[in-house]
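Novice: Marked as compositional bias 'Acidic residues' by TrEMBL: 309-320. Here TrEMBL flags 332-343 as compositional bias 'Basic and acidic residues'. Sequence annotations record features per position, and here TrEMBL assigns domain 'TFIID subunit TAF5 NTD2' to 134-262. Per TrEMBL, the feature region 'Disordered' maps to 309-355. According to TrEMBL, the repeat 'WD' annotation covers 391-432, 464-497, 506-537, 548-589, 590-631, 632-664.
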């Protein structure tokens, strides 16, 4: 029972239980001669002076099966032994009084300081909230009773109320373990663990190993479960039904857990169906609160700089022959004009500082625009060719792959802690000449960039040594001068592709780093690892610029939004979070995957996100509205690679099941009915149309797909190592 923070004058006129608990506290204080405190609390609660005398008798009214002792029956020692006080070291914060009322009368009083309630608390303080709350033998009865009730309610409420089972089961089990009722805990676990949803299997395996109080200390999974309230989204009607049932049955044991450990996000409107709930559930801490996805996200693209595209000789010839000089120009303009007009959903051009364009970048942009004119428009009738790069005899163990944007280089990260770079074109890889030789070069000559390269070092591939553990993520810089790699050794390394040496080792993560990626504009990069946080870096800073903390387990993959103002992270807590680079805030939380997330991809227009996980599903999300919009089922194993085609028409997915699948992304996004979005509940009804959206499945002989990449002309490149 939460009587609200002391100071709300409503509590006096509130529910009778609220008044009783308040009076119980006042009586206890008075009994211990704390008259000043009694007066202050009484005045703040707006109670009359004689309230304590007239109502004194009521507050200890016996509840069914309870003792009539009330407060007087408990001595100060037994009452205060259960007080968990967590006070902040800084300034004293306003305190809230929480009262736990159980079938035994008034049981214990927590005084929680509001300032520290949100921080990661000390383990012992966290666990002390599991202090004994009832007869251990009755836990099975309480749970079975609730189960019977939920199974008997109308179908429309049953699906929603069934969500309560899992968090209740976990907290009741932990409460038994914490209070040293080992045999009861074991019996409780064996009886009800089979009823939980299959996607909680891994969590339950961890839970089953916690059989003694000592095991609970220092267990991270448990701490997360305790400190982050499990979020359930339930319609008002279903919630009232549950509340009424528990209060009629005097089932305060369960009601306390719901009050203390769950966050119920109540919405008005129709209850959700089983399929709607299943689509969104599965994460470590329940669903996201609706508030979490309400912030404005500027998902539009930044305006491209104005660059004149010089015509090729062949283009000019074509124009002269045709006699229609404007034949090819409009095509180019249409490619460039995509982001000429300022997108209303785009962030300000200078919202975050981006690096200046160098002359070489401008040349590259011109090359890109020329290539784009030769791009093939993909679609249902026009599927891309797929070129598969298979790493043969990769006994070192291939763990990561990346292609440069212009598809000229490919890099592999290996379990033997090396990074290898190959040239995919006939042009060989060369190092820059030594300083002595560079002095002899005429710096004014036109081909100075050619002359500084040392022909003697030309080879098809180079090996980069430096890491002291498997390399889990690699990323080329947009200008192809640098390569990032991250490793189990806890570092991210920046390599020069001109000298093929390591320039910087970034140390910030204390544990393995699972993924890293350069911003589409270069300069910034992001990394995520086993320490559950993602970090934003700039190449010229040793320390991270931002630390994105909030995931409850490893950050397994990281990606930049095309406009570089946002970073998205996927985690083994089975959620996806979108972070604002400017403020460091989390602006979206997506739940729905049933296993750790291993790959993420933004659509080229920045509006949508695709995610793949160990559950074999590919989910599509609308970033602006913060909703799941489609579920693509087909893969039978972990999805490790996702990539949208350059025009955003298709989505390619690669998996450990040795297949590449192509999906009709344009159709998936066009079919969205915006009415669904405006529904107050924010629930969309997912169509089961995976088969319609699947355009093709391509098997490899025995090669799991680790990476996918669309070239500038929309040829699909895939990579993986042959598993003999």
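Please read every residue number as a count from 1 along the shown chain.
Glycine is no exception: its Cβ is also placed from the backbone N, Cα and C atoms.
In terms of burial and nearby residues, how do these features look in this structure?
Specialist: Confidence in the repeat 'WD' (391-432), given as mean pLDDT, stands at 90.
Sequence-distant neighbours of the repeat 'WD' (464-497) (same chain, 6+ residues past either end, Cβ-Cβ under 8 Å): 358, 360-361, 364, 397, 399-406, 408-409, 411-421, 429, 503-507, 509-518, 520-522, 525, 527, 529, 537, 539.
Long-range neighbours of the repeat 'WD' (506-537) within the same chain, counting only residues 6 or more positions beyond its ends whose Cβ lies under 8 Å from a Cβ of the stretch, are 354-355, 469, 472-479, 482, 484-494, 543-549, 551-560, 562, 564, 567, 569, 571, 579, 581.
Outside the repeat 'WD' (548-589) by six or more residues, the chain places 221, 224, 228, 282-285, 288, 292-293, 295, 297-302, 346-347, 351-352, 354, 514-521, 524, 526-530, 532-536, 595-602, 604-606, 609, 611, 613, 621, 623, 626 with a CB less than 8 A from a CB of the stretch.
Sequence-distant contacts of the repeat 'WD' (590-631), counting only residues of its own chain at least 6 positions beyond either end whose CB sits under 8 Å from a CB of the stretch, comprise 199, 279-283, 286-288, 292-294, 297, 299-301, 345, 553-554, 556-559, 561-563, 568, 570-572, 574-578, 637-644, 646-648, 651, 653, 655, 657, 663, 665, 668-669, 672, 677, 682, 684, 686-690, 693.
Counting only same-chain residues 6+ beyond the ends of the repeat 'WD' (632-664), those with a CB under 8 A from a CB of the stretch are 372, 375, 377-380, 383-384, 386, 388, 595, 598-605, 610-614, 616-620, 690, 692-710, 712, 714, 716, 718, 720.
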Novice: Short question: which residues 6 or more past the ends of the repeat 'WD' (391-432) have a Cβ under 8 Å from it?
Specialist: 364, 367-368, 371, 438, 452-455, 457-465, 467-476, 478, 480, 483, 485, 487, 489, 495, 497-500, 706-707, 709, 711-712, 717, 719-722
